[in-house]
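Student: Marked as active site, for GATase activity by TrEMBL: C2. For D98, the entry in TrEMBL reads L-glutamine binding site. What TrEMBL lists as ATP binding site is L231, I266, S340, G341. Taken from TrEMBL, the feature domain 'Glutamine amidotransferase type-2' applies to 2-185. Annotation source TrEMBL lists site 'Important for beta-aspartyl-AMP intermediate formation' at E342.
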Amino acid sequence: MCGILAVLGCIDNSQAKRSRIIELSRRLRHRGPDWSGLHSHEDCYLAHERLAIIDPTSGDQPLYNQDKTVVVTVNGEIYNHKILREKLKSHQFWTGSDCEVIAHLYEEHGEEFIDMLDGMFAFVLLDTRDKSFIAARDAIGVIPLYIGWGVDGSVWFASEMKALSDDCEQFMAFPPGHIYSSKQGGLRRWYNPPWYSELVPSTPYDPLVLRNAFEQAVIKRLMTDVPFGVLLSGGLDSSLVASVALRHLEKSEAAQWGSQLHTFCIGLKGSPDLKAGREVANYLGTRHHEFQFTVQDGIDAIEEVIYHIETYDVTTIRASTPMFLMSRKIKSLGVKMVLSGEGSDEILGGYLYFHKAPNKKEFHEETCRKIKALHQYDCLRANKSASAWGVEARVPFLDKEFLNVAMSIDPEWKMIRPDLGRIEKWVLRNAFDDEEKPYLPKHILYRQKEQFSDGVGYSWIDGLKDHANKHVSDTMLSNASFVFPDNTPMTKEAYYYRTIFEKFFPKSAARATVPGGPSIACSTAKAIEWDATWSKNLDPSGRAALGVHVAAYEEDKAANGALRS
């Protein structure tokens, strides 16, 4: 991951202003510790903190077109950059960076090129010929981006809120799949897939089409010039990522770190994830690295985690903390990039509460809502937890083409049907259930969903609640609506996180970047209507989906040997 900061149209272009831009960009250096760059043109500044993964020797940013009239600062990876370069043969490129194509595509197509990009990205592009500029964010919001406005009329963009919150009067999260154009005066959506309308699709399920789409998504993300690995919790999603990556590693463009694929897992001593991750690693033959942490290790890191991930959402903080600790260990081994399994549960209805979906229409609409909100939750967690230590997380399940295939399937096939032997994410499990060349053992392929904050060890969440109870009194919680009238915390744990967040980000605009509302086992507020008992047990842990977790599928457990107690 890299860090970008752009300030456009500021009144002050003195040396003091340049120094201030450098100072603010430095707040993003954890994202890109390898090099810093700054381009200034009159009253416009584009800064960049680089994590060098593709073309480490010559790909420093900002990047330019041939005559350097177009300048771009980018955070991300463009997986189809070689294909795009082939279409730009008349253009002279300065570097081997995958992101340089953005400047040349703009020169060739104007603002209407964003959908040509296959990758994850956030960028700001300045055309110095007329001082116009655009900014854009990838389809789902894998890469973070914020937009702000200064009292002097300047427009700001930054990878993280901390780089602009002090200097902007107003700011907000830049919406995924959108472009901001100074010429057109605002935001517009460039990403318009069929599923966005939430109309129920009708394409029949084809397991081989789904399998191939996911394999291609993993293969393209093996593009790297530095050592990498796979985050492996032993659950379905991370195990499939590791299995597919291993099959295609030798034929890929990936820089090798020894002869084996490296995998990583974290958990409390004796946690479900450590046990399952070890089992999958042994089956696949990876070089596996286990990291253990204690509840106290996690609690001690909470303040730093909230500073980096920039949210007070309870589920996100619970899951971000072990990932934050693991990323530090991974970076200490010299690894800069990892593949991770985020997105599958949203696309395929993998969360346990989907068992209660009343029909395929509501099932599909909930998956659409979950995907649209990913940038506020799992994408934010994966990106910022890893980027805190200069590690890039790539997420193949959120590949645009895989999304198109998976979201076009008639949702009747995704519905959880115990009478037909279908547990959650059956369409994915079945697609990779290959008797001749197994991707995974059956009991792993059909292992029940564990949310990351649960899988690292159930006592992690219990420990967080106990810690919050010691620091937040009953009186404090009873007055929460007066202290925090917006997005009022409903539990002592939520109150505790909120006080830490407010210390780092005290402005109301910062508060508004965090979503609110009730949730059960990671559901949206709408899905709580599926079960009347859920409204009395609002907790984002997977264990809160009463009557669903493990016990509800004893028959499938006996049939498949798939679910553990």
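Every residue, even glycine, has its Cβ placed from backbone N, Cα and C.
Describe the structural context of each listed feature in the structure shown, including burial, neighbouring residues and relevant distances.
Tutor: Around C2 (active site, for GATase activity), a 10 Å sphere centred on its CB holds 29 further CB atoms from the protein chains shown.
For D98 (L-glutamine binding site), the count of additional Cβ atoms within 10 Å of its Cβ stands at 24 [all protein chains shown].
S340 (ATP binding site) has a Cβ environment of 27 other Cβ atoms inside 10 Å.
Sequence-distant neighbours of E342 (site 'Important for beta-aspartyl-AMP intermediate formation') (same chain, 6+ residues apart, CB-CB distance under 8 A): D237, L374, D378, C379, R381, A382, A393, V395, F397, L398.
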Student: Return the maximum Cα to Cα distance in Å (whole number) over the record's ATP-binding residues: L231, I266, S340, G341.
Tutor: 15
Student: Can you grab the distance from I266 (ATP binding site) over to C2 (active site, for GATase activity)? Cα atoms, rounded to a whole Å.
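Tutor: Cα of I266 (ATP binding site) to Cα of C2 (active site, for GATase activity) measures 24 Å after rounding.
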Student: For L231 (ATP binding site), just count the other CB atoms lying within 10 A of its CB, please.
Tutor: 26
